[in-house]
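Q: Annotated 3-dehydroquinate binding site per Swiss-Prot: GLU66, PHE67, ARG68, ARG102, ARG232, SER251, GLN255, in sequence order. Residues or ranges marked as active site, proton donor/acceptor by Swiss-Prot: HIS163. Residues or ranges marked as active site, schiff-base intermediate with substrate by Swiss-Prot on the basis of similarity to another entry: LYS190.
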Amino acid sequence: MSLPILSTTYAAENTVPASKSTYVVKNLNIGDLPVKTLVPITAKTREQALAQAKVIAENKDADIAEFRIDLLEFASDTKKVIALGQELNQILKDKPLLATIRTSNEGGKLKVTDQEYEKIYSEYLKKPFMQLLDIEMFRDQAAVAKLTKLAHQKKVLVVMSNHDFDKTPSEQEIVSRLLKQDQMGADILKIAVMPKSKQDVFTLMNATLKVSEQSTKPLLTMSMGRLGTISRIATANMGGSLSFGMIGEASAPGQIDVTALKQFLKTVQPTP
């Protein structure tokens, strides 16, 4: 998919933040050190999802669970998804739940129109089962704005996201997209890109550092695949606040076991 190129004026309009934004979700501080880990629920069935949630709930190295709704066999059945989401939230207890529909436009399994995307998320937000919601920044802009406002009204944090499984955009473009997410009202800024070279990995990491110097928002950035693993491990050194790990099955190329990830994060964590 060819994504729109954003202007670079967003970087110029931002100044070095005086302090970082932090959020307390189910007693978890998001936005400060140490880096918080996310683990995906990649199930196709209700039973598999419940089992995976129990494993995440019991794993001390997993801080947040991501519910990959698009991977479910019944992803289009809103009522079933909401019911399952409520069960997952109960099982996870003190661990936050991030609800995500990764659409086919950005490497996911569910193909939906902008109207359908807005309708589904609006239904979820009537009585939220999640504490965080992933909203793709390049969906219809009016829908993104409406969903972001609705999520905030319901006290749900917005993880605004962008994914490029084909390439790594320029450093300038990555910076521009992340700062655009900030201007669009995101609480957490996310981008995932695919490297073709070592330089691509450093492009993502340098962009993360630049955005961290211009935005107060927590950053969730990654260079995917084995080549980009270092970006997940050293994210704190670049100003990142969150990183994806896995227990069992990965939801994206390059994810590593969450226990190993946690140890790596502790080893390279910069001194405050």
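Every residue gets a Cβ built from N, Cα and C, even glycine.
Since we're looking at a predicted model, the values are computed, not measured.
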Q: Considering only the recorded positions GLU66, ARG68, HIS163, ARG232, GLN255, which residue has the minimal Cα-Cα separation from the residue listed as 'active site, schiff-base intermediate with substrate'?
A: HIS163
Q: Within 10 Å of the Cβ of PHE67 (3-dehydroquinate binding site), how many other Cβ atoms can be counted across all chains shown?
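A: Excluding its own Cβ, PHE67 (3-dehydroquinate binding site) sees 29 Cβ atoms within 10 Å.
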Q: Whole-number Å only: compute the distance from the Cα of ARG102 (3-dehydroquinate binding site) to the Cα of the residue listed as 'active site, proton donor/acceptor'.
A: 9
Q: Give me the CA-CA distance between PHE67 (3-dehydroquinate binding site) and the residue listed as 'active site, proton donor/acceptor', in Å, as a whole number.
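A: The Cα atom of PHE67 (3-dehydroquinate binding site) is 17 Å away from the Cα atom of the residue listed as 'active site, proton donor/acceptor'.
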Q: Specify the count of other C-beta atoms within 10 Å of the C-beta of ARG102 (3-dehydroquinate binding site).
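A: A count of 22.
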Q: Which of the three DSSP states, helix, strand or coil, fits ARG68 (3-dehydroquinate binding site)?
A: strand
Q: Please work out the number of neighbouring Cβ atoms within 10 Å of the Cβ of HIS163 (active site, proton donor/acceptor), leaving out its own Cβ.
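A: Other Cβ atoms found within 10 Å: 24.
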Q: For GLN255 (3-dehydroquinate binding site) and HIS163 (active site, proton donor/acceptor), determine the Cα separation and express it in whole Å.
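A: Just about 15 Å between their Cα atoms.
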Q: Is GLN255 (3-dehydroquinate binding site) helix, strand or coil when read with DSSP?
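A: Going by the DSSP assignment, GLN255 (3-dehydroquinate binding site) belongs to neither helix nor strand, so it counts as coil.
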